[in-house]
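Here is the structure we will look at.
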Amino acid sequence: MISARSAEALTAQAGRLMAHVQANPGLDPIDVGCSLASRSVFEHRAVVVGASREQLIAGLAGLAAGEPGAGVAVGQPGSVGKTVVVFPGQGAQRIGMGRELYGELPVFAQAFDAVADELDRHLRLPLRDVIWGADADLLDSTEFAQPALFAVEVASFAVLRDWGVLPDFVMGHSVGELAAAHAAGVLTLADAAMLVVARGRLMQALPAGGAMVAVAASEDEVEPLLGEGVGIAAINAPESVVISGAQAAANAIADRFAAQGRRVHQLAVSHAFHSPLMEPMLEEFARVAARVQAREPQLGLVSNVTGELAGPDFGSAQYWVDHVRRPVRFADSARHLQTLGATHFIEAGPGSGLTGSIEQSLAPAEAMVVSMLGKDRPELASALGAAGQVFTTGVPVQWSAVFAGSGGRRVQLPTYAFQRRRFWETPGADGPADAAGLGLGATEHALLGAVVERPDSDEVVLTGRLSLADQPWLADHVVNGVVLFPGAGFVELVIRAGDEVGCALIEELVLAAPLVMHPGVGVQVQVVVGAADESGHRAVSVYSRGDQSQGWLLNAEGMLGVAAAETPMDLSVWPPEGAESVDISDGYAQLAERGYAYGPAFQGLVAIWRRGSELFAEVVAPGEAGVAVDRMGMHPAVLDAVLHALGLAVEKTQASTETRLPFCWRGVSLHAGGAGRVRARFASAGADAISVDVCDATGLPVLTVRSLVTRPITAEQLRAAVTAAGGASDQGPLEVVWSPISVVSGGANGSAPPAPVSWADFCAGSDGDASVVVWELESAGGQASSVVGSVYAATHTALEVLQSWLGADRAATLVVLTHGGVGLAGEDISDLAAAAVWGMARSAQAENPGRIVLIDTDAAVDASVLAGVGEPQLLVRGGTVHAPRLSPAPALLALPAAESAWRLAAGGGGTLEDLVIQPCPEVQAPLQAGQVRVAVAAVGVNFRDVVAALGMYPGQAPPLGAEGAGVVLETGPEVTDLAVGDAVMGFLGGAGPLAVVDQQLVTRVPQGWSFAQAAAVPVVFLTAWYGLADLAEIKAGESVLIHAGTGGVGMAAVQLARQWGVEVFVTASRGKWDTLRAMGFDDDHIGDSRTCEFEEKFLAVTEGRGVDVVLDSLAGEFVDASLRLLVRGGRFLEMGKTDIRDAQEIAANYPGVQYRAFDLSEAGPARMQEMLAEVRELFDTRELHRLPVTTWDVRCAPAAFRFMSQARHIGKVVLTMPSALADRLADGTVVITGATGAVGGVLARHLVGAYGVRHLVLASRRGDRAEGAAELAADLTEAGAKVQVVACDVADRAAVAGLFAQLSREYPPVRGVIHAAGVLDDAVITSLTPDRIDTVLRAKVDAAWNLHQATSDLDLSMFALCSSIAATVGSPGQGNYSAANAFLDGLAAHRQAAGLAGISLAWGLWEQPGGMTAHLSSRDLARMSRSGLAPMSPAEAVELFDAALAIDHPLAVATLLDRAALDARAQAGALPALFSGLARRPRRRQIDDTGDATSSKSALAQRLHGLAADEQLELLVGLVCLQAAAVLGRPSAEDVDPDTEFGDLGFDSLTAVELRNRLKTATGLTLPPTVIFDHPTPTAVAEYVAQQMSGSRPTESGDPTSQVVEPAAAEVSVHA
């Protein structure tokens, strides 16, 4: 096997190899082939097959001369599609078939023996004697011909699989379909053998007679001529039909075609197969077939009966009967496979009788058809030739497997024949072209490009750039699924740095952090060598960073010394005397099982020997894999391969499963450079350390390592270390963000656009020349009984509308108008049928760009104006128009790897993004008297936490997260009321996984509560209790005004006040009044927290009296209005921290009113303990009820704090620890549908391995009969889980209800559900039918809704729906699939809006074949890649899954992006609007929020200098909009309208303060707190900043030091 990058290089390579073989007559051809099999594969390929050295040389000679002869396959992969293995039927048999392969290939022999033994159980004679005997007539008898073909075909298929030729589809011809069914996994070997023998025996027992005639005619021509007793047996090609039946009738038809000059051929058969003459055997055969149990195909399987992919009835008894009687639709099968993307057909059987039929059947397109065992050619040469033919045109072949067991060994062969061309420009006088031209020193090193000497010190810095493009060999160093720069590479970098300063010894080098390599991403490296000390030693460090905007990461550090180590021992005697060879024939396979997935460049280890405690190894640099050892001291791939011997030696002696990496190198000296073939000796160097001596091929010294220490690392630790080091890629989940856009009414000339017409008018033909037609979907409502039915009805209607529209070919726009089908963040999706219609319409948009616009609105809109905006999808809420953009989901805070002593803290920058994780060692200190240590599961977030994070808390801010819940880990002295294992809630004093707390401040969690529910109680209920009961001493019959009544403290205070007989008045924003009404308030007792109208309203309701108590958390004029509402003797309780008044001034201005600003901490531990007990008792007696809770993973704290700061929550916001979800799932049961599919199986294994789930229920229609179910269950059981595989059609409501009823009786509580089932039936919109929609909807919509209803009353922690990105972006040809998945997306939002667990994972493309991706060809994958979507591995998919669960937004788009492809589409103007926020734009200055303000001002002033006034303003407007977008959580500055008022954009007092903080840092100006309200739009603020920057200071509208008096987070109480 030879390959090259060009045709010229291929012939040159053949010439070099031919000359080498001729010059070395001792070379064994097997060794040559084995060595070539390990090389990299390029585009231009050739395979030479020969039985002798002479034949191989002749083949190489013809190839080198450009005239390839017999036994030589030459080709170049084009658009490689799917591969099909075809099994021939009766007539292909011949005496001796398979005998040569049986003797040459053990895999063929093993498979043949297994099949023959099974067949012999049913045959009257041993099959081997028949096939390899001398009686051809016996073999030709149907009784033996059919089993014989089955045996040879199954064994041939085993060879193909062993060689790595893995087909996408299989099909057979007549009895050959039984071999195909077995190959696809439908039939077990025992069942298939029984069936094939019975088939042949029963046919043989029929009376002889009848005729079969092949005629050159079409099926349509033959069909009218058929009469009684004769039929069509096979349609082998469009113009090749076999007639079968009574001899006279068959011959009569044949004679008619012969008379027309058509080719007619009488087949030599004993019976007329596939004809009416077969009917006497059918009944008995049906009884045999009924004993066979069919399974779901593991490969695509095409049916002879239908000519299409096997359907649900494939393999039934009736099917096999029909298969005997009905025609073989072989031509239809071949054509259907071509429509599925098949380009390569391999006939696996004796002869090549089907190749012609396939070629005739296929459309005139590129397709290769080869036969594996051609007649009149040695069988092994024929099989190898077939493999070579498909390989040269793109089908993967594992040539190393071909040579396995041959005894071949790797030998030195000529390296690649480079076709050298010069692409470098000749340096001119205009600029430097190398390091010297830039004033830098050149290194002449392959990894380091330049050296810089510090002029003011003795320090030296060496720089370089690494990438998988420039150093492709690095891509072969894969550890636990991650491409790592090898530890040996750091040694090479430091050795070169030592050479620069005259230090020949690495005294020590410790690896601090991995250097991860990502495709398409370059990495800068710097080796920093410090100044020499008195003894000449120098510190050395290696740093890396991904791009200019990232910080440097320390990867390694150590010390250099001057003197080299002593010369190592002599290894000239080789192999060493007395050393025993160690078998490493499967060495790299063993290493792969332990996480070392080394590619060819790192597979240089060729031999190992052992002598006592010593170990010896030989390594050869794989030059053909791009490992060039020149310009290196010791190539990292060579040194790394040396160390592989250690891994294999451990494997051989200890059966270790650890993955270990180099950690600390000591005493390293390089004695010679450029070695490509080395010998190595290993010896013990103390505890856990080894020494290494490396010599060249003559035994002379190359490298010495006095001591090397390795350390184990798991895949999880590696991922955590990569993340903590900032080395993770930016490929996290995406979310759909609806951003406000500006809409200008009127056309270009200011005139209004023509009015739109309705769909009814369009259908009636009365639409005239309207440019916009509107089809409005009537809302289906939300009745549970009608939801599924409404989805079917709506999608059917939508299909009819879309098909009519697209068929009309009108130059107009169709507007699909819905209400509640999509929504803003946090909104309920009230019309799930509309959600499904959006999915279908998105697919129609993708197929027909520019013809359809989707609009979802809450009020009447002008569709003509919106249709002209240029956005394909729009959402209108409250008069504001929004457009969707994909945006990276919020980044997770990085947690310390393997560290539990940490705490969430404010970062000090005045913004919520500054939240950080800080070490907290005090929680691990020894316990004092009365203390307990708690493993925290959940922490409540309060308003004061948000205030503290923004730097607004007066005085010393407390730790974030005052309250929480968890489990007691340890008790200190004098603790009597609590024990280890108790679940407790209370005041834990910080947001982290561990807390130490006084026992007085916690109490036990009530039975049946979750930790999140418990964490929501202490602060809010005790704050309300302390304020109302202790401070206000409120009494029955009095009245209280509670501001922010839907917040945590507000809802708690409402419950307590009512419990005590108090009349309650409450405020909230109007959007939350329905919540208040649901709490039992009438409108007379509800006020608006965004205006002061509540004062007048409540005075009127109370007939001018007012209220007795105010519980306040507002600021500014809201405080004054509330004070005016108090009666004489009234009590004003201030919980807020932003507007605290002077009590004496209040008393003077409001006679008789008592003003008290308070904090719960004033109560003291003893009183807090009493209140905790009292509250707990009221919960136990059900006089108090738990609050609504919104949970966030603590790693999403910035998003949670922002959610709370914007007053979007109802009840409490709670942060859960990363382990909380795993703990909940591990304690309960998780139900997975579709678990045997590609996605479901990966997630099932991940839940067990990563989350510790111990009870799994895998539901599918076929239960344990589903393909792969038994294997999956066994794997999960071995991993420690209890697994139940159940047969349940989840689309059947009664079946689902029954399943969950059973689970409630027999299993731990269900805590999680994953719905991963689904089916495909792809077609473009114009080809879809209602039936095809229903097929796809049933598996997704019915099933998901049934699961939703069955679990709505359960306390789930996870309800995950496996959706598809097709629903989000609109996938051409998948309108039904997009509709079904859009329903899932809407259902997840619907559940979250109802307070239930719910997330929809819109999966992108999985790299793993099978399941939903089985139908995709390489052409499909390439198209998807060009679109900007990259395939993800299972490891990458579960990382996205974990991140999505942590972020917990209703919709997570789980896909990897190809940024280069996105950029290319953007530059070509072909990037959909939805993706526009993901393409990298021209580089702009980014504001450094943590930078020095003075430097920011200076930099900004420099940018403004020299610009015209309008240009300055434009720049500043962009700056303000950028910071505003960051505060509002929008993707970019373009998502903020510069002329919209901040209040309308969504700003309130808190967010206004944050924006002011950001602008202060970005501009360097001292900005007043009221700047956002004094200048109400981004443009106005930019104008103000421009004046300040120019030195002009306008008159302020008020005192710049005054308090902000705008509405202050009206619904957020101080502790809620």
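Cβ atoms are placed via backbone N, Cα and C, with glycine included.
The region 'Acyltransferase' annotation in Swiss-Prot covers 83-397.
Annotated active site, for acyltransferase activity per Swiss-Prot: SER174, in sequence order. The local packing around SER174 (active site, for acyltransferase activity), expressed as other Cβ atoms within 10 Å of its Cβ over all shown chains, amounts to 24.
Feature annotation from Swiss-Prot assigns region 'Dehydratase' to 445-605. Looking just at the region 'Dehydratase' (445-605), the mean pLDDT is 85.
Across the region 'N-terminal hotdog fold' (445-567), DSSP classifies residues as 20 helix, 48 strand, 55 coil. Under the heading region 'N-terminal hotdog fold', Swiss-Prot lists 445-567.
Here Swiss-Prot flags 445-719 as domain 'PKS/mFAS DH', drawing on sequence analysis.
Sequence annotations record features per position, and here Swiss-Prot assigns region 'C-terminal hotdog fold' to 579-719 based on sequence analysis.
Per Swiss-Prot, region 'Enoylreductase' is recorded for 910-1215, and the stated evidence type is similarity to another entry.
Under the DSSP three-state reduction, THR1236 (NADP(+) binding site) is assigned to coil, being neither helix nor strand. Taking the Cβ of THR1236 (NADP(+) binding site) as centre and 10 Å as the limit, one finds 27 other Cβ atoms among all the protein chains shown. The annotation NADP(+) binding site is assigned in Swiss-Prot to 1040-1057, 1229-1244.
Marked as region 'Beta-ketoacyl reductase' by Swiss-Prot on the basis of similarity to another entry: 1228-1409.
The domain 'Carrier' feature in Swiss-Prot is assigned to 1514-1589.
Per Swiss-Prot, region 'Disordered' is recorded for 1588-1616.
Of the listed binding-site residues, namely GLY1045, GLY1050, GLY1241, the sparsest Cβ surroundings within 10 Å are found at GLY1241. Put simply, of 83-397, 445-605, 910-1215, the stretch with the most CB pairs closer than 8 A to the region 'Beta-ketoacyl reductase' (1228-1409) is 83-397.
Between the listed binding-site residues, namely VAL1040, VAL1231, the fewest other CB atoms within 10 angstroms of a CB are found at VAL1040. According to DSSP, SER174 (active site, for acyltransferase activity) is assigned to coil rather than to any helix or strand. For the pair VAL1231 (NADP(+) binding site) and SER174 (active site, for acyltransferase activity), the Cα-Cα distance reads 42 Å.
Between the alpha carbons (Cα) of GLY1241 (NADP(+) binding site) and SER174 (active site, for acyltransferase activity) lies a span of roughly 35 Å.
Of all Cβ atoms in the shown protein chains, 19 besides its own fall within 10 Å of the Cβ of GLN1055 (NADP(+) binding site). Here the Cα atom of GLN1055 (NADP(+) binding site) is found 77 Å from that of SER174 (active site, for acyltransferase activity).
Separating the Cα atoms of GLY1050 (NADP(+) binding site) and SER174 (active site, for acyltransferase activity) is a whole-number distance of 76 Å.
Helix, strand and coil residue tallies for the region 'C-terminal hotdog fold' (579-719), in that order: 37 helix, 57 strand, 47 coil [DSSP].
Taking Cα separation as the measure, SER174 (active site, for acyltransferase activity) is nearest to THR1236 of the binding-site residues VAL1040, GLY1045, THR1236. Under the DSSP three-state reduction, GLY1241 (NADP(+) binding site) is assigned to helix.
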